[in-house]
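> Handing you a structure now.
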Amino acid sequence: MSDDLFSKALENPDQDLNVELPKDDVDLGLLGDGGNERKTDEPVADAERSTGLGSGSSESESDSGSDSDSDSGSSGSEDDSADQDVEGEDEGGDAIENEDEDEDPSPSGPILSKNEILEETVPELPEDYEISEKTIITPIGVLKSAFENNIIIHATMSGEKRVLKEGSIFCLEDRTLIGMLTEVFGPLQNPFYRIKLPDSKKNLFDELKVRLGEKAFIVTPDAHWIDTFELKRNKGTDASNGYDEELPEEEQEFSDDEKEALFKKMKKQQRQRKKRDNRKLANDSDNVKVKRARQPKANSLPKLVPPLGMSSNAPMQHGYKSRNARENIKRESSATSNRNGSSPVPITQHHQQQFSANNYPFPQQPNGMPYPPYSPFPQPTNFQYPPPPFGQATPAQFSNTVPYGSLPPAYNNMSPPTQQSFMPMTQSQPPLPYGVPPMNQMQNPMYIQPPPQAPPQGNGNFQQVMELHQILLQQQQQQHQYQHQHQQDPRT
């Protein structure tokens, strides 16, 4: 359409072109029928084009009609596309509104971390607080700078021993009140003190900003100090975590490897000590429970078994038996002898020394006796031996050629019944007191008296020893009588 109008204007510059512009009479109710209108407009345009081609005389009219039709068709298509765009925008707007309704409202202002402080609290003094003329003030430093309601005072007093604490009150030389201390920072030799002023004291901030460089004082009664050695205990680093805070001990880095190794070792020992203490407490509680549950009864306890050497029935080891075993054997032997009613076979001292401890119930002593030596019974000094019986020779008449304990082998091999049949004992000597040697032994100076013997404990053993002693005396008497007879009658 635009090409036809342009060509016509060039051909006929003086002719006025009547151009019909489309009217904006779009009905909102017919937005969805744009496709149908487009279909109905297409055959109408084709019909007009065919009629325009057939009528050659009315060329201008057909051209203008076709132009108007094409303009109306194009305007109709543009209206349809505009209607579709409006509909799409309406649907998109509804979707955006739904999304806004579903999402939470976005926070207003900057995003804050967990430990971040939004606004610093400003300490304020009471309104009626005044510094009188009698109040003592002490110079502390000079006004260094002022910015954003903050007054910085550079201290001229060293803080190596102590520094001011938060809450101390500052003033000027003319006792003009500045405010309360908010923060201490900088080196200890000359620390910096920061004072935060509230927004309501804007005039005071402007006045102090003009008086920078003047001396600053502290109100001595309201000054609070903290010792520096307490601050040195807290170990700090230049690093910071995600919250711009000091790192904990387990996250700190060391410039010295030895210090780092020592720190890790200390931490490991602390963990091990803690685990050991917990385990000990758990074991103690378990042991208490087990002891209470497993306490045995008195009846269920096992019987104690004596050692092998202490039992009477146990064989002797290395020739030793305990005292209890020896006493039990003595009791058993005495009970057996009392039941049988017979005395043991007489045994001479020579043969007693040959017996081993395993064959005799009593342990062998150094003197060869079957029982331990005891102190003899006390003998009276005026004791007199009874006279020998009639017909019996005195021991002085005998020749002590044969020592005691060394009898002839033939005689030693003879049993007591044979001796009694060979020489019936018609004369008997009364038994001497226990521990008194025979007559011949008392009169023989060459005889070495054996150590006195004491009866062992127990009535049965004492009786056996007495019987054995009597038998030995009888054998010795028979021997002397036999020798005396052979000397008097050599023919026999």
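Just so you know, glycine gets a Cβ as well, placed from its N, Cα and C.
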> Swiss-Prot annotates one residue of Ser57, Ser255, Ser337, Ser342 as phosphoserine; which residue is it?
Ser255
> For the region 'RNA-binding' (172-230), what is the mean per-residue pLDDT, to the nearest integer?
90
> Using DSSP, tally how many residues of the region 'RNA-binding' (172-230) sit in helix, strand and coil.
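Helix (H, G, I), strand (E, B), coil: 18 helix, 23 strand, 18 coil.
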